[in-house]
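Per TrEMBL, the feature region 'Disordered' maps to 1-33. Annotation source TrEMBL lists compositional bias 'Acidic residues' at 19-29. Positions annotated as domain 'Deacetylase sirtuin-type' by TrEMBL: 125-423. Residues or ranges marked as active site, proton acceptor in TrEMBL: His253. TrEMBL lists Cys261, Cys264, Cys285, Cys288 with the feature Zn(2+) binding site.
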Amino acid sequence: MSDGTALHELSAGETYQIDSDEYDSDDQGDNIGEKDYDELVAEAENGFTDEEVAVLTAELREKGLVNFLRDYLVPVSGPGQTLRKLLLGLGVIPPVHLRSSTTPDIQLLSFTKIVLSRLLRRRTKLPAYNSVDDAVSLLRHAKNIIVLSGAGISTSCGIPDFRSANGLYAQIQEDGEYDLSDPQEMFDIRYFREQPEVFYSFAKQIYPSNFVPSPCHRWIKLLEDRGKLLRNYTQNIDTLETLAGVQNVLQCHGSFATASCLRCRRRVPGTDIEGEIMRQEVPKCSVCRAEREAARAYEKSASAKGKPKVKGGMIWGDEEEEENEWGGGEPGIMKPDITFFGQALDSKFDECLFKDREKVDLLVIIGTSLKVAPVSEVCTHIPHSIPQIFINLTPVAHVQPDICLLGDADTIVTYLSDRLGWSIPPPPSASAKNQLTMTPPGEVEFASGVGPL
């Protein structure tokens, strides 16, 4: 029976940010003898019937990961089940260090989440929804729509996407200016710490300077104006949804709205580093720069007296260590508050998705190839009975949306609006951007106040 301790770890925070690489390595000594294997198989066969497994899987897809585990560990009546029994019943043998029959649930929880997350990816298309007419009907009657948007809705604004044949990664690869094994290293936090000048050499191409929201951005605003938008989960960092006036938007990967110092963590409006971005320079923290200058002045005056080096009231460490940590001996590098590879998403992503999955009645995926987790897995973490409309220039093979509308996204949403008798709002006025106050991710502030999440 479950010991109950795992329940305390079941919360919305980091529920959907699951990294399965921890258990994908082949070098864990995961060899198992024939006798031990036979015993595990026998235990699995005595766990659940095929019918029970089918019921459990269906419940998982509708309840979601957290609610499923809560109900499984603490059922309405009778004793709770163990995670070991669940895993073996699903035909999954735990890693060797978790394989003992006495392993407590709390130690199996992380691995169980990974297993269940992979099961959730196997969504089956709903046969009732297929055509454009079905899409129009769904949009007309839906009241709580989640829109999952990606770079494809901003390409018509002049902002390059990342993964298309002519996207940013392809440009970087073709130019061959940098010694990169993968163009995605441009957005790797470790690479940024070592060579921030590489990121800032192209950052102006994606910085939201004078871009105008596309019809897709304004269509999302239209859904909100009509009281149909539950939330827009955007993978984009250009803040064009905000400029279009969308208030219920979650910038999953952060944005250029703010920037933070890698050393002292001081956060400033993104406009404070706009000049450096446009000049392709690495912005430095003014506070850290002042501290360093003061420290150097102190060192110079104190060197004759043999006093220790200090920086900002703290003893300086080895100069080589400083250079290794902050890159080139330049502490105080400013980084836009966008999420790089190697950084976790803000906890608001998990919290919002945990809450929204209970209300959503339609998912619209638009302008994304769904290749970057965990945002790409929104479509599997909401109930699988919720209809899904996929709008993109190219198809994707690893997901099963119900309706696929392929082509130019702006043209498609305009057509859908015409069919519905709706009018997409015009582009915002030239003064609209000046009325927007850049704020931390998760908050959108207008002249009239702060928009809710």
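Using N, Cα and C of the backbone, Cβ positions are placed for all residues, glycine too.
Overlay of TrEMBL feature records on the structure.
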| residue | record | DSSP (3 states) |
| --- | --- | --- |
| His253 | active site, proton acceptor | coil |
| Cys261 | Zn(2+) binding site | strand |
| Cys285 | Zn(2+) binding site | coil |
_Among Cys261, Cys264, Cys285, which are recorded as binding-site residues, the nearest neighbour of His253 (active site, proton acceptor) by Cα_ = Cys261
*asked:* Using a 10 Å radius around its CB, how many other CB atoms surround Cys261 (Zn(2+) binding site)?
replied: 20
*Least buried by Cβ count (within 10 Å) of the binding-site residues Cys264, Cys285, Cys288*: Cys264
*Across all chains shown, how many C-beta atoms besides its own are within 10 angstroms of the C-beta of the residue listed as 'active site, proton acceptor'?*
21
_Within the domain 'Deacetylase sirtuin-type' (125-423), what mean pLDDT does the predicted structure show?_
83
